[in-house]
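Reading through the structure tokens given below for one structure.
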Amino acid sequence: MADPAECNIKVMCRFRPLNESEVNRGDKYVAKFQGEDTVMIASKPYAFDRVFQSSTSQEQVYNDCAKKIVKDVLEGYNGTIFAYGQTSSGKTHTMEGKLHDPEGMGIIPRIVQDIFNYIYSMDENLEFHIKVSYFEIYLDKIRDLLDVSKTNLSVHEDKNRVPYVKGCTERFVCSPDEVMDTIDEGKSNRHVAVTNMNEHSSRSHSIFLINVKQENTQTEQKLSGKLYLVDLAGSEKVSKTGAEGAVLDEAKNINKSLSALGNVISALAEGSTYVPYRDSKMTRILQDSLGGNCRTTIVICCSPSSYNESETKSTLLFGQRAKTIKNTVCVNVELTAEQWKKKYEKEKEKNKTLRNTIQWLENELNRWRNGETVPIDEQFDKEKANLEAFTADKDIAITSDKPAAAVGMAGSFTDAERRKCEEELAKLYKQLDDKDEEINQQSQLVEKLKTQMLDQEELLASTRRDQDNMQAELNRLQAENDASKEEVKEVLQALEELAVNYDQKSQEVEDKTKEYELLSDELNQKSATLASIDAELQKLKEMTNHQKKRAAEMMASLLKDLAEIGIAVGNNDVKQPEGTGMIDEEFTVARLYISKMKSEVKTMVKRCKQLESTQTESNKKMEENEKELAACQLRISQHEAKIKSLTEYLQNVEQKKRQLEESVDSLGEELVQLRAQEKVHEMEKEHLNKVQTANEVKQAVEQQIQSHRETHQKQISSLRDEVEAKEKLITDLQDQNQKMVLEQERLRVEHERLKATDQEKSRKLHELTVMQDRREQARQDLKGLEETVAKELQTLHNLRKLFVQDLATRVKKSAEVDSDDTGGSAAQKQKISFLENNLEQLTKVHKQLVRDNADLRCELPKLEKRLRATAERVKALESALKEAKENASRDRKRYQQEVDRIKEAVRSKNMARRGHSAQIAKPIRPGQHPAASPTHPGTVRGGGSFVQNNQPVGLRGGGGKQS
């Protein structure tokens, strides 16, 4: 076990509300609260760790009383929570509550759930073995609630002198559901009874024990913790509870065991050397919880009623006494071989220090006995003694080394380096002393030595008597000191290894710190992502609520419209007949309405088919017109392209014509000039003898030029004629194109007009068809109504005839029998008057039916008109409803997809987060066949579990899948 530490028992006080009987009795609420830790009863304050008022919820009580103990139990400490108080003060409600109600459950079901949740969040290298027991102390006998055949179990002590119930059933569990099933099973076997103060009074003390063992698969460290959850029976006054017979015997035993508990609390509070644990089996079982190795929380439950004021004060005094008790708690650790070795070495070092202290004190004592005065600087000093012991051990270790090693050390280390190493070793020794938590023990040793110095004379006398024994003991210690020289070498080597390991561990710590920082950054990122997803989910919830509200409003409006239709059809226009014909007439009206609806549906189907055929024909006509229009547009575009090409060609021809005319003019002029020059040259060659013919040549040249001009003029006129012809052709083509455009526009207008005419005719045809169908339907409905009315009238007429015949027959028989009595008896007269009244009523009914028939015929057109309006309204509502359903379906599908996406994201995050959580391994017990292979026992991840063949199956936290 680890080093112990002291802690006080925590005491919580809870007041229940006034119950119904106390309210009816007119009791006063005597408790007054001051802050969260003090309550006033009759002007006297009582202070506790926490005081809960009557309005405190179960969850708040659990958070303040029990939530911290879960962590302590899983870290290897023992824990106890028990409720104390008088009967009907709310102890069972505090400890158990409503086991399966999330708000009303008490400490036990909440702590069970928290244990598993905490395990899932722990290191994945941990394996857990969890087993539970449930028993009660009834009539001072221990009775197993999970096996009712075990009715008188005994209390024993283990090797550590810790009490336990021998033979009690222990069940291995691996999920909260299994624990709750065990609690339900045990609770069904517990003793309860009805008293004047409580309808479900516990007649026994119940103890639910959770034993948790954990093992680190890497370091092989094993921890164990026990959690006692105790529901005590309440103290009783027979005058108030009205106990009799067996209930009275139970009350005696309950009060006796609670009195023993009070004696134990008083003895512990007063610091008595004797504590009467064995006076009761309950105090024997709770011995470790009261003053032992356990973190204990007591919940004292009180009644605020003035009727129970004395019992409340007694309970508060009990809590105040219990609050002063101190427990010494330590971690329950099973040490490994390596840990035992380290502990052994540690104890050897302590033993060596104590021996040096004894030797120092003996030397000082001998000097005092010899009459010497020991100076203050030579008297015993703990720090000086430790330093000299360390130096002596070092000298012994150095002198005991081999010569070769000494030579090597002398050769390799100088005095300065040796001193430095010695200082370093001294620092390491000091650190080891600090880490081994020897401060407390050294202080205890100092206190003991001070006490010894105060009683020095008595100590001197005792040492004189035991001098011989001490001399022998000194000889033995000297021999042990010689033997421990070798151990000093081992210690030095261990220190060197420890220094190396320390460096390695420091490096590992740095690496782990960096890894932790990276994981922290990643966790912050994941948290931010989760926050954004939560915000998005909130938006989706708001959108969903808006859509739901909108759908609800639409449905409300639809229901309102349908209600108006029902009122218009069923209540106002149809008159309720009188007398016995009401049911028949309602049946007739309903049948008529159903037949109308059937015929209306048939008419609608026919009309839809006709509209479909008409629409098909219109579509065909529209397609033909569109094709014709497309052909016209194609021809127009072709003509436009042709006109454009001809215009371009005409422009090119005109340009070429101008160029040719210019070139011809220039060439003609050049030719004339050349010919004139040639003739002039020829004439010059003939010299002067031909001067007289110059005029003739000149005339000839002028004539030739004139002929060329005429030829050019003719060519120009012919080209101009050709240009005029081309322009005329262009004008004709433009006129033709304009006509085609106008024709196209006319065709388009004609097409639109035909289309509109077709639509108008279709609409009129539809209206005429609807009118014809409605008239036909009204005719058929009227015919059916007339037939129905005729049948009803015929039936009434036949009944009237039969009734008249029967009446005549009876009157005739009565006249024959009573022919002598002309006046007749009073009974016969009454009978005749009754029949006459019936006949008169039938006649009135017949007339009323005739009038109703006439009214119905008059109201038939109105009803048909209203029915048509109703049908149109129903169609509009159906279309709106269909559209709303489609929109709602789309929104629901989109919302479902978004929810699935968010669930998948959250599930993946949970899987990633649980991937490094703790494990609850399946315990292996002798005599059982494993559920899986012998080398790999089956496990269940993520809290899932199953029980097969009554074998305990455990958990590995952080998963969700069975191996």
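Even glycines carry a Cβ here, placed using N, Cα and C.
Taken straight from Swiss-Prot:
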type	residues	note
BINDING	GLY85, GLN86, THR87, SER88, SER89, GLY90, LYS91, THR92	ATP binding site
COILED	329-914	coiled coil
CROSSLNK	LYS213	SUMO2 cross-link
DOMAIN	8-325	domain 'Kinesin motor'
MOD_RES	ALA2	N-acetylalanine
MOD_RES	SER933	phosphoserine
MOD_RES	SER945	phosphoserine
MOD_RES	ARG956	omega-N-methylarginine
REGION	908-963	region 'Disordered'
REGION	915-963	region 'Globular'
Round to the nearest Å and give the CA-to-CA distance linking GLY90 (ATP binding site) with the residue listed as 'SUMO2 cross-link'.
32
Please report the distance from the Cα of GLY85 (ATP binding site) to the Cα of LYS213 (SUMO2 cross-link), rounded to the nearest angstrom.
32
LYS213 (SUMO2 cross-link), DSSP three-state class -> strand
Give the number of CB atoms, excluding that of SER88 (ATP binding site) itself, located within 10 Å of its CB.
27
Here are some recorded positions: LYS91, LYS213. Which one has the most Cβ atoms within 10 Å of its Cβ?
LYS91
Rounded to the nearest angstrom, how far is the Cα of the residue listed as 'SUMO2 cross-link' from the Cα of THR92 (ATP binding site)?
28
Counting across all protein chains, other CB atoms within 10 angstroms of the CB of GLY85 (ATP binding site) number 29
